[in-house]
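The block underneath contains the structure these notes are about, expressed in structure tokens.
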């Protein structure tokens, strides 16, 4: 991938030390009045300068009021994540059976649209937690994007003669702890990572050279997508432990919830459909060619 970028210090802090706006009403009042809740939520996003849109799940607009009430009733976003109650929250909405990964979608939309709002109205916080650390003096460094995964980018930063490797997380996703197990649980793929092609030597490589380059690429399973994404991330974090990656990734896969696994499995289903369609077209072309 290897893209160049100038990275200023403190760029990862979206709010830049900005205080939360004061609440316009109490938590008790907004959970008892839908109109008041929506008015306060729109005002909050307007003051914070963040985008406010009502997401659609299963062809219907998501009721953010119900989502907020159900999550705060269970102790707030962090507690629902810790106790794995997103499926319980999802059951309140009675989504159709064809709506897959509803729990994952609710968690994502809540974090984007309601998590900061929850900090102010439910927990009565005045300052974003990440802004308590003072920002050091600004400087510029040249960075290279080495890879992309669901929560951000794998990067190399050059500071003088020193090169640092690390991970940059999207500001609208929670930064995962350093352990591979926690990373796998907190980061669910949105777009599958497509690794660069590997160059094999020996008999296997010679066999590929003799094949038809126009033949469709075989489909991958959901686990294959998960493996490729996590392997790239682990390689950047633990370059000297590559022999352990297969075991680490297998354990991470087993620790995923059914909803989180379904995200990857859906990619596998779509890739299988892609392969079947391309193979059908390929065979038709081969039959036409053989007639001449």
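Each residue, glycine too, has its Cβ placed from N, Cα and C.
Annotations in TrEMBL come from automatic prediction, not curation.
The following features are taken from TrEMBL:
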- 216-283: DNA-binding region (DNA_BIND)
- 175-188: compositional bias 'Polar residues' (COMPBIAS)
- 197-209: compositional bias 'Basic residues' (COMPBIAS)
- 31-122: domain 'ARID' (DOMAIN)
- 216-283: domain 'HMG box' (DOMAIN)
Segment-level pLDDT (mean, integer) for the domain 'HMG box' (216-283): 87
Tally of DSSP helical, extended and coil residues in the domain 'HMG box' (216-283): 59 helix, 0 strand, 9 coil
